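Please read the structure below before turning to the comments.
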Amino acid sequence: MSQPGADSTKIIAGGEHSLFLDRTGLYSAGACGLKWNRSSNLTPSLFGWRKVMMDEPVAFMAAGYYHNLALGAKSGKIFSWGCGTFLDGQNDGCKPALGQGLETLDVGDLPMPASPSLPPDEQVVQLAAGAYHSIAMTSKNKVYTFGNAQLGQLGRSNIGSSKDSSGLPVDPNPKEVEGLSMETPIQIGAGFYNTYVTTKSGKLYCAGENQNRQCGREKPANVRTMLRATDLKEEKIKAAVGGYCHTLALTLKGQLLSMGCGDDGQRGDGLDFDGDEEKREIITSVNLPSKVVKFAAGANHSAAVCENGSAYAWGSNEFGQCAAGSSEKLLSPKRIDVQGEHVEEISCGYAHTVVKTKTGRIYVFGSNDSGQLGLGAAAAKSPNDVQLAREIQIEKI
């Protein structure tokens with residue numbers, strides 16, 4: 001996943017899908033909803049760019065691993081839709097993250113407004129999505145969460161008494177996070193099971209899973225309200241995002257820091273402890289040649305764009321998601337070859353990566369087993385991994 005934000009033309013990666021937004025609307029490639037779910041076979045149409053049918057234009061969007069969020073440009077409402085991933089009766093893993101009530105069934109339907117909505121005097125300015133939870137920040141600098149709460153990822157104790165059929169705590173209703181005290185949030189981010197909030201003073205707060213110390217706290221215990229990443233010491237943080245069990249945080253000076261799991265190289269510190277991750281320092285720096293301006297975290301890989309427009313990837317490369325031309329993991333960042341183009345945006349899915357350049361060109365690489373690279377219907381006949389950055393045209397269906 002990548003940092004949330006707004007752009008007239010934008011491409012972002014979700015779990016096994018990608019979203020593309022331009023002036024003509026929002027489009028989706030890969031296995032995620034829009035009248036498709038896991039009880040259906042993969043079809044050639046999933047490998048192209050299907051129109052996301054909504055009642056109004058989209059201001060900006062966020063792609064989670066198993067669901068998506070989009071803000072209506074006219075109404076200011078949050079729209080959500082799931083990927084229909086967990087079809088086992090009434091229990092769907094990301095159903096609470098849709099914010100549509102526990103009565104809804106995620107069978108891969110079209111976008112619907114999240115309900116109940118946020119306070120009417122607060123405009124949503126940022127969205128972020130994890131695996132099973134959603135995050136929204138408003139114009140009043142308040143942060144709201146909804147979805148699953150089993151690991152503390154909602155960042156609040158006020159989650160009510162609702163549980164899913166497995167007995168896990170959930171709250172489909174947006175409520176404000178706790179623990180930010182007098183701090184003013186300016187940026188939100190999500191990991192698989194984490195919520196991140198960066199404040200005006202440059203502090204990073206985190207909630208959710210911390211078994212791998214991805215919240216920047218020494219004690220490996222899950223965090224259930226927003227707590228400061230204490231091991232960052234005096235570093236001032238601009239933004240943070242996370243993968244399955246690692247975190248990337250960008251300082252105001254343009255240095256990229258990493259926390260959490262590093263066994264696949266996703267920390268980018270060049271170190272390999274051969275499974276003994278406790279030897280790794282809680283906070284390490286990513287070895288990049290210049291200041292970082294954009295960054296993203298996949299499940300077990302990471303990527304960044306430097307101020308000169310060069311892009312790098314590192315970590316798990318089993319499916320080619322680092323565009324290194326092989327399947328070996330990368331302990332340190334390796335530059336992505338995009339024919340000398342100046343990279344403007346980068347985003348990571350579970351095992352794929354998408355890139356947009358300053359000239360508007362789109363490059364994709366990594367796993368395409370569910371059509372997430374948007375290579376078109378012909379690729380459905382042989383959905384091979386793409387191990388080097390490949391330029392694509394957005395062929396809309």
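Including glycine, each Cβ sits where the backbone N, Cα and C put it.
Remember, TrEMBL labels are computer predictions, not curated facts.
Features as listed in TrEMBL:
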| type | residues | note |
| --- | --- | --- |
| REPEAT | 76-140 | repeat 'RCC1' |
| DOMAIN | 97-389 | domain 'RCC1-like' |
| REPEAT | 141-201 | repeat 'RCC1' |
| REPEAT | 202-253 | repeat 'RCC1' |
| REPEAT | 254-308 | repeat 'RCC1' |
| REPEAT | 309-359 | repeat 'RCC1' |
| REPEAT | 360-397 | repeat 'RCC1' |
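The average per-residue pLDDT of the prediction over the repeat 'RCC1' (202-253) is 95, rounded to a whole number. Across the repeat 'RCC1' (141-201), DSSP assigns 0 helix, 27 strand, 34 coil. Residue counts for the repeat 'RCC1' (76-140) under DSSP (helix as H, G, I; strand as E, B; rest coil) come to 4 helix, 21 strand, 40 coil.
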